[in-house]
Amino acid sequence: MFSLTLHADTYPQRRDWRDLPWLDRIGEGLRVRLAARLALRVGRREALVARVDAEEAGLAALDDSARAAVLAELRRQLRRDGFADDALVARAFAVVRMASRTLLGKAHFGTQIQGAWVLLHGNVAEMNTGEGKSLMATLAAATAALAGMKVHVVTVNDYLAGRDRDEFGPLYAALGLSCAFVGESATPEEKSAAYPADIVYCSNKTIVFDYLRDRLALLDRMQPLRLALDAMLGQRRRQLLHGLQFAIVDEADSVFVDEARTPLIISAARPSVEAEAFYREAIALAGQLVVGDDFTLEVPQRQPSLTEAGRRRLPQLAAAGAGSPVWRSVLRTEEACVLALQALHAFRRDIHYIVRDGKVMIVDENTGRVMPDRSWERGLQQLIEVKEGVAVSPEKETLGRISYQLFFRRYLRLAGMTGTCREVRGEMASVYGLGVVRIPPYRPSRRLRLPARLFASSEARWLAVVDSVARYSRQGRPVLVGTRSIAASEHLSGRLQAAGIAHQVLNAKQDEQEAGCVARAGEAGQVTIATNMAGRGTDIKLDDAVRAAGGLHVILTELHDASRVDRQLAGRCARMGDPGSWEEILSLDDELPAGLPTPLLALLAARLAGGGQRGAWHGLALALYRWRQWRVERRHAHLRELLLRADFRNRVALSFTGEME
Ligand SMILES: Nc1ncnc2c1ncn2[C@@H]1O[C@H](COP(=O)(O)OP(=O)(O)OP(=O)(O)O)[C@@H](O)[C@H]1O
């Protein structure tokens, strides 16, 4: 007999994973991808949807007490038999859909039923942007919770997690399930009260840090037998999560792939007066070095390297001005100077970070959001603080560390959903064991892609952007303009103001106005400039007049390192069968083409300046721009692979010293 009931007290999580030899890894990846391809064949899809329809029709004929009896019996059967039987899953989906129809006025479409089945069976459902993934997840989350699992619905930020809990909380309540939202700023008491809920909505960052906190609190007690023993003896330690049973990860490519390279670290402050003096000296020293003579900046990574002349100058400069003993070592002097040069030249205010309330806060380019409690490692944070003239934060001592790649592999059952993951299918399979199943759109997409335009300079690009904004907003259509950085959003805002075009700006500096900005962004003629904050997950609602005028128009003003991020922004228009269009208006001054050889760039710029946005030179320049993006994507994929292998090695090394369970 199969039982899904798990004992939360014993902190269920997957402990048996290990790094496979490379050939086995490839084989496993292929097996997962093939299984996903065969999982939901057309006949089975149709049968499932037909079954849900029939079950719901049967439920509709029952009175309230008979329906309650069906729900109770369903719970019992799901706990006993799990999800192997499609008939049982279809009944569960029908119960959830009926509640949704009554309470929310939204009945899950056939495509959402198929996607939910994919989630329930531990795969990634790839469904176009705007096809209703949040509502789809309720079917899988509620069914799993009825089966007795603790479900975490994980998304990329608190705004989306809170929004979904507010919308779907009443639906779960009607099924007798508890639902909670855990925000980043919740207190430990609030978290302790929220995590035991059947379904928890939270961001990826919140859940992984709370897991790390649990590991620190439980230390060597994080073993099922020990936890059970502690519970029996009444010596239970405080824990937040109660295990990792089932996670449904929204925007799976962002969480599993884009974020994968960021190590998540819990640390404690270790104040030191000498360290602060050292950082000040390093910035003073590096400030005297001259770009081109003493050091070069490699584009596009903007990695500084000292020239021979710079190396010769450094010891003299160090002897003249610096007091810290570090400067007596040539090697450490060079290391510190390169880091200080990076702080001075590679990391830029309002692009990579903002300064708010006297603190340097990192801006995540993928999400466009500030990450108040994230900091750079190896002294970079402190060096940037010195550069910006704000209080220098104390050095940190690492207490616990994990990556998303290792964390999510610990779930007993893991599922994901996203609109953009075709190029990372292999990684999903080999790293997370997740197959990707493509779900067709509910209605044919009406998203119109206009020809891309690439200009020789950013000046020409901004002129074209302002022109396009004016044209579409005059037609009574809302316009959303995406910029890669806060600085670019502010620059464009100045230009629109000068052109007399009213608009709103949504970026990390104005994040408290997010809900209001999103609510207005679909109004007739409304112009919104946004960084990636308005990218993933944002649902811009349109009224009938706007639909009749042609829907939302989206302008991308620069491509990102990952083309998935660009497609997400384009996906804000033409959702759920609405009309809409998007275009790219780019410049050769952007970050990606900067990696092309300088003479080639100059040649392309000369041709584009004269020849307009048509013809062979324009086509070639655009193709090279996109090729650069592809190259950067490949490099990032390689770095993620290296990080994962390093994580595995660390895990083995640390387990000898007893620092991890
Ligand atoms: N079955 C349904 N009936 C009516 N409206 C629906 C249904 N499913 C989804 N919607 C609506 O469609 C809109 C888009 O849904 P949602 O934001 O969940 O899409 P998404 O697939 O998550 O998009 P993205 O990929 O951009 O995050 C929302 O306004 C949602 O309420």
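A Cβ is built for glycine as well, from the same backbone N, Cα and C atoms used for every other residue.
TrEMBL annotations: computationally assigned, not manually curated.
Record check: TrEMBL places Gln112, Gly130, Glu131, Gly132, Lys133, Ser134 at the ATP site, and the matching candidate among Asp467, Asp539, Asp543, Asp544 is Asp539.
Same-chain residues with CB within 8 A of the center of the Gln112, Gly130, Glu131, Gly132, Lys133, Ser134, Asp539 CB atoms, the ATP site residues themselves not counted, are Met127, Leu135, Met136, Arg575, Met576. Counting only same-chain residues six or more apart in sequence, the Cβ atoms lying under 8 angstroms from the Cβ of Gly130 (ATP binding site) belong to Gly419, Asp539, Gly571, Arg572, Ala574, Arg575, Met576. Among the binding-site residues Glu131, Asp539, the residue whose Cβ has the fewest other Cβ atoms within 10 Å is Asp539. Averaged over the domain 'SecA family profile' (27-617), the predicted model reaches a pLDDT of 86.
Once Cβ contacts within 10 Å are tallied over all protein chains shown, the binding-site residues Gln112, Ser134 are led by Gln112. Within 10 Å of the C-beta of Lys133 (ATP binding site) there are 27 other C-beta atoms, taking all protein chains into account. Close to Gly132 (ATP binding site) in the fold, though at least 6 residues off in sequence, lie His108, Phe109, Gln112, Tyr442, Met576, each with a CB less than 8 Å from its CB.
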